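Asks: Structure in structure tokens, see below.
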């Protein structure tokens, strides 16, 4: 018990990952188990996120379900989906049995419809099964979709002594007891008590005489964002959830709200940067393209619209003036790509979810830039040539410039935040106008250099 | 005790504010007190944020310090500063006595240096005074700056029964008991216990036999962002803070971390939108200008740089071509202003801190746009005329266009998010490329229309 304590900052190193991979390769189960036993499940999840699917499934099957159920909850969503596809309905049901009802329902909700029924039918604990089924019925964006059924509930007719006795039973089920909720005979929420209040009170007192009747609560259909706002505003650590008749249905704890707040903030940030869907820096190029290309297209048609406006005012269309008309297109594209790239890197750095290899990250951004750039350039070629009637050479020039500018903007937008972070400067300062402005300049320079080479004016 | 419960969603209405103002005007203290007594302190703070300073101070002096100390903590920072300036050192000290050490230290840290000493010397509770003074020594961005001294601490040599007895004493001081921290004779943190563990354990057991030795903790000098990351990752609701020698110094609770996470997210979001400093939609035009103008200037010099690049490639400078060279300037300015305006409105909407009056909000943005626009236009006039040698009329055209475009972008950036929010659409979708693109188009149209009027080409 007197062992030296270490600071809890867990460091995910390449050595550690290599060591785990090595132990999996030689199937050294006992050593692997004792190595992983040292770590918190959230840390094991970080390790598993770095392994390939086969290795991750191997570890999940090796460890006991009490640990692996928690690990599953912490895994990256995409990885969890893949791992679950490699487990049988029976195996998933075993994981589910170990989880609190809210987490269990979340995991099941992620499964394909048919799989959901198979897994639910394999859950042995009937009470747990019924509660999970109840939770699955609520919309995931409502209080019902976030709440857990686990809570400590006492009737107002009980005595303090009787209460403490029964709480001992209920509390075994509940990881953390924030508040003891007091209900009347009909199950309606009438008040609350803290464990502290119970400990301090005389044991022969009735609950009805000591409970606190002012109790905050939310309705099961309230929006999670409203719940988050209320809990943050009133500094609540848990809030009971009731139905229209004030019947106590469950409770929401602050750790789930922290996740809601973080996800909301990330969503807003990504939307502001022109990234739809919930994507992370580690997602596939295809998924990232789907999230980013639509916004680039909006920006592109804005740029083309601007060129159209400029044309309306022009009465002498030389090649140079035609090129100038498309400056807004180049600029908007460079700006949008730069902000997208930097926003996703900044967020990845803030979440600690970006691995150390800067070259690998830049190569990925380059690939992403080429994919997006090629799509944008093709549309650009067609629209400029057929709608704006620019010469073939000018259209090709604009298209090549678009690819080059997107590539450049993506690399600058990725490199600068990582560079700043390594120097200990908050990478968020490099997003927004800073990135946009430098990309404007580089973009226009690249555009006219390519035009000079292609058109030789 | 059987009164009907209402949902906790507090609605700040103009009627309510009017009612409070009325009661203050006629000095109807008793009625005012009984009206405000119905509300949570966080709600009263929201009401006070809407009153003028004199009225707010009146309410603070009217209510007892147990409530007002909590209200003060929830007030908007600028308003708190003003209210505190209107209280004597003695009055502030009385508020401080009611607060937990972490909140108390935060309030004192906001005061001017000289005032800090006066207030501290007026605190009567010597232990409280010493603890606050200790906390003031830590950097506000470290665990030490965030922690509270209030916690429940037991020695490993105690018995469960002795423990429970003494906890009753300590717990009176601590609003929420998350964990009971176990220390050895030297005060070193060796483990933890939950209240649940204590209740479940046999009363004659020694703490040393039942405590859990795996306890997460942070060092007093750790960065708050790291603490936030750790607490979110491991789903902790409180974490003990120790010094280099593992001596238990304090604890950080999740409600403070929620604030850190929200502030961090807001800061990143605002930086991405080109807004430095921590500003809110309700801040003064002057404060908002200070936070926004520097980024607009960066964008402006980017646009001017782009014009310089375009000029390098040009061999025949007609008036129209000269105007075209400055398209990047117009575009960058419109884009930056639009993103700034929309980001601050979106964040205000997310925090529920934007009052309902859309016309008032638009007028404020218009004023802000005029101030920023005038500054940008003056610089634009000088730089285009003297550095780019454009004719006087062209320089004036560009300057007028800059003011018009900034005004337009600010209004569009403000109006669209508010409009979407009223329709029940997430206003965050209107930030980023969406706003930028529409502002590009409007901006270029306005630019050439003004040029047509001014230069008549």
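First residue shown is number 1, and so on along the chain.
Each Cβ is built from the backbone N, Cα and C atoms, and glycine gets one as well.
The following feature annotations were taken from TrEMBL:
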type     : residues  : note
DOMAIN   : A:147-210 : domain 'CBS'
DOMAIN   : A:211-267 : domain 'CBS'
TRANSMEM : A:293-313 : transmembrane segment
TRANSMEM : A:319-346 : transmembrane segment
TRANSMEM : A:367-388 : transmembrane segment
TRANSMEM : A:394-420 : transmembrane segment
TRANSMEM : A:432-455 : transmembrane segment
Asks: Cβ pairs under 8 Å with the transmembrane segment (A:394-420): which stretch of A:319-346, A:367-388, A:432-455 has the most?
Replies: A:319-346
Asks: Per DSSP, what is the helix/strand/coil residue tally across the domain 'CBS' (A:147-210)?
Replies: 24 helix, 17 strand, 23 coil
Asks: Can you check how the pLDDT averages out over the domain 'CBS' (A:211-267)?
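Replies: Here the predicted model's pLDDT, averaged over the domain 'CBS' (A:211-267), is 89.
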Asks: Do you know the DSSP helix, strand and coil residue counts for the domain 'CBS' (A:211-267)?
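Replies: Helix/strand/coil tally for the domain 'CBS' (A:211-267): 24 helix, 16 strand, 17 coil.
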